[in-house]
Structure formats: structure tokens, C-alpha cells
Amino acid sequence: MAVKISTIEVLILSLALLSFGHGCYGQLRLGFYSQNCQNVENIVSKVVGEAFIKDSSIAPAMIRLYFHDCFSNGCDASLLLDGSNSEKKASPNLSVRGYEVIDDIKSAVEKECDRVVSCADIIALATRDLVTLASGGKTRYEIPTGRLDGKISSALLVDLPSPKMTVAETAAKFDQRKLSLNDMVLLLGGHTIGVTHCSFIMDRLYNFQNTQKPDPSMDPKLVEELSAKCPKSSSTDGIISLDQNATSSNTMDVSFYKEIKVSRGVLHIDQKLAIDDLTSKMVTDIANGNDFLVRFGQAMVNLGSVRVISKPKDGEIRRSCRSTCNNPLCV
């Protein structure tokens with residue numbers, strides 16, 4: 001007896017097989033694009049490598065972009081969207097950079113795999129490769145993919161921890177994203193290649209908590225060094241390395257933790273990590289250990305899982321990372 005299969009049943013079966021073969025967007029896994037865009041990671045690595053050769057500071061810039069995107073509304077590339085009131089326009093994001101590198105990667109990927117790879121995954125892969133390059137090739141963590149791009153980007157929704165917060169306040173924000181205290185301490189280790197502007201530390205140098213004096217938790221010698229770089233009367237907002245070990249401030253390593261342990265943290269939150277009861281032992285363990293890079297990689301993977309869009313109706317695969325698919329560019 002012949003079995004009749006309806007058109008709808010065939011369609012459902014086809015979709016099920018497609019999902020089995022390629023994975024379902026929103027369900028992160030390693031090798032998500034292994035069948036429908038096999039060369040994507042090589043393409044990303046090539047473009048990122050060229051960008052790093054031109055300007056190695058793209059590494060900390062991309063780590064920051066990744067963090068700012070994931071932490072506010074989840075890893076959905078909403079930070080990349082242009083608009084008069086998009087996330088880019090929020091005060092903490094005005095100095096974020098790296099967008100052009102993402103554009104270059106997306107353009108190269110689209111030539112090989114049209115509307116397959118999300119911008120959110122491109123950010124995650126590019127950041128991973130730049131961490132590898134900044135470490136001198138000493139680490140390379142595997143990052144699951146399968147993210148969808150978000151459709152909403154609003155400056156009003158940006159919610160990032162301030163460098164002036166206490167450890168407890170910062171930890172609470174991480175906890176809201178299901179990121180642990182351990183994740184927080186490790187992710188702040190990205191500051192080992194980071195920089196900040198003088199404006200963020202002027203209070204620590206000249207008027208800590210309205211005392212008209214420097215922050216007593218900062219090494220006096222460092223106060224002197226930074227005051228010379230960030231004078232009160234300056235008309236420019238200078239740039240300061242967050243890792244004050246001059247020999248390794250451009251290298252992903254454990255030096256940042258060693259510096260904050262001897263009161264040479266630049267940002268308020270960085271220094272507090274080393275002296276707060278919640279985190280001081282973690283800082284000591286990392287500073288004295290040899291597995292920071294491995295642990296940092298795992299924390300970056302955990303960050304990359306924050307509020308990933310799991311329903312296709314809520315996300316999309318953009319053709320341009322700067323605009324949603326409501327835009328003609330997506331046609």
C-alpha cells in the first residue's frame with residue numbers, strides 16, 4: 001500500500017534535515033559553518049591578520065567592541081548598526097572602533113557565502129584571532145558559532161559597567177548576564193593590552209573622593225608618572241596603557257595582574273580587584289599561575305554566550321553589518 005506524503009510533510013522533513021546538517025541558528029556549537037561555509041574561519045583569520053600587521057592596537061579595540069556588544073543586549077551585533085540613536089551613539093560606545101575591519105571581513109565572507117554567516121559570529125571569530133595574535137600565538141581558544149544578528153539597536157538600552165564602580169557593583173552586573181565572578185576577573189584581564197584616556201583617571205590623580213589628594217591605593221611613584229602624562233592643565237585627553245609594565249603592555253599575558261597586585265592599577269576597578277576581599281585571592285592565583293591565557297579564552301567563550309538570539313523570528317543574517325534586513329541592502 002502506497003503511503004501518501006503531503007507537501008507540508010515534505011517541507012517539514014526537508015527543514016529538519018537542513019537543521020540537522022547545518023545546525024540551528026541560536027544553538028551555538030563548534031564548526032557550525034562546516035557544511036555551508038567551510039572556509040569562513042580562514043577568511044576571518046586572513047583579514048584580521050592583515051589588519052593586525054597594519055595596526056596591532058586593533059586587538060584591544062576588537063576585544064572592547066566584543067565586550068560592549070555582548071554585555072549590553074547580548075551577542076547580536078546590534079552595536080554595529082548605524083542610526084541616529086543606535087548603540088554606537090551611547091556615550092560609552094563613542095570611542096569604540098574596529099567597525100571597518102568587521103566590514104572588510106563581512107565583505108570577504110559574503111563573496112564566498114551569501115547571507116550565511118552572521119555579523120555576531122564574525123565579531124566573535126575576529127576577536128578570538130586577535131587575542132591569538134596579541135599573545136604571540138601562545139593561545140587559541142575554540143569559539144562556538146551559530147549566532148543570529150539582532151534587529152534592534154538603541155542607545156537607551158546600553159548598560160555597561162563603569163570603571164568607577166565597586167567590585168560588588170560590577171559583579172552584580174556580570175551576574176545579571178549569568179557571568180561569574182571568575183569570568184569578571186578574567187575578562188578584565190583584557191586590560192593587559194588595553195588603554196584608557198586621562199579623563200577617566202583624573203580623580204584618582206588629583207581629587208580622589210573629593211579629598212583634593214590622589215587615591216591612596218595607587219603607588220605614589222605611579223601617581224607621579226601618570227600625573228606627568230595627564231597634567232591638570234592639559235587641553236588634550238592623553239592615552240594611558242592599562243598595563244603599566246612597559247615591556248608587555250601590548251602583549252596578552254599575566255603582567256596586568258602582577259601590576260595591580262603592587263598598587264599599579266590605572267583604573268579604579270582594576271586596582272580594586274587586587275584588594276577587595278571578593279577578588280583578591282583570584283588575582284593572586286592568576287598572577288602566580290601559568291594558565292591565564294587558557295582561562296581568559298574560556299571566559300571569552302562564556303561572554304560570547306550571553307543572551308544569544310535563539311528564535312529565528314527575533315534575529316536575522318545581515319548582508320551589511322551596518323543595517324538590518326529591513327534595509328534594501330539585504331535584498
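For all residues, glycine too, the Cβ spot is worked out from N, Cα and C.
Of the listed cysteines C113, C119, C198, Swiss-Prot assigns the disulfide bond with C37 to C113. When you check Swiss-Prot, the disulphide partner of C198 from the set C119, C230 turns out to be C230. In Swiss-Prot, the Ca(2+) 2 site is described by S248, D253, and among T170, T192, T196, T324 the residue recorded at this site is T192. Checking C70, C75, C119 against Swiss-Prot, the residue bonded to C321 by a disulphide is C119. Looking at N93, N245, Swiss-Prot tags one of them with N-linked glycosylation site, and that residue is N245. Among the recorded positions listed (C70, D76, C119, H191), H191 has its Cα nearest to the Cα of C230 (disulfide bond). Across the structure, D76 (Ca(2+) 1 binding site) and P161 (substrate binding site) are spaced 19 Å apart at their Cα atoms.
Comparing the Cα of S248 (Ca(2+) 2 binding site) with the Cα of every entry in C37, D69, C113, C119, C321, these being the recorded positions, the smallest distance points to D69. With the fewest other Cβ atoms inside 10 Å of its Cβ, the least crowded of the recorded positions H68, H191 in this structure is H68. Rounded to a whole number, the C-alpha distance linking C37 (disulfide bond) with H68 (active site, proton acceptor) is 27 angstrom. Neighbour counts of Cβ atoms within 10 Å were compared for the disulfide-bonded residues C70, C113, C198, and the top value is held by C70. Checking the recorded positions (C75, C119, P161, C198, D253, C321) against D69 (Ca(2+) 1 binding site) with a 10 Å Cα-Cα cut-off leaves C75.
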